[in-house]
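Swiss-Prot lists 1-23 with the feature signal peptide. Annotation comment: Swiss-Prot describes 24-45 as topological domain 'Periplasmic'. According to Swiss-Prot, the transmembrane segment annotation covers 46-66. The topological domain 'Cytoplasmic' annotation in Swiss-Prot covers 67-74.
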Amino acid sequence: MKKSVVAKIIAGSTLVIGSSAFAADDATSQAKAAFDSLTAQATEMSGYAWALVVLVVGATVGIKLFKKFVSRAS
């Protein structure tokens, strides 16, 4: 009687451990997919940021040159 109870407990714990390991694999793959998506979004946003940096620097240089030419013309 005692051996069958111990065998059932061992079988049940093996089933629980096996299913939790499977769930952990799924969670790991979901986390990896989330970080891959985040990396792709960050790369895309940095591309937009560089275009904005070029625009701001170009506008700043243009304004300074305009001020320089206006002050010399007057």
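Quick reminder: no glycine exception, Cβ is built from N, Cα and C everywhere.
Since the structure is predicted, the reported quantities are computational estimates derived from the model, not experimental observations.
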Statement: Taking DSSP H, G, I as helix and E, B as strand, the topological domain 'Periplasmic' (24-45) contains 22 helix, 0 strand, 0 coil
- request: Using DSSP, tally how many residues of the topological domain 'Cytoplasmic' (67-74) sit in helix, strand and coil.
  value: 7 helix, 0 strand, 1 coil
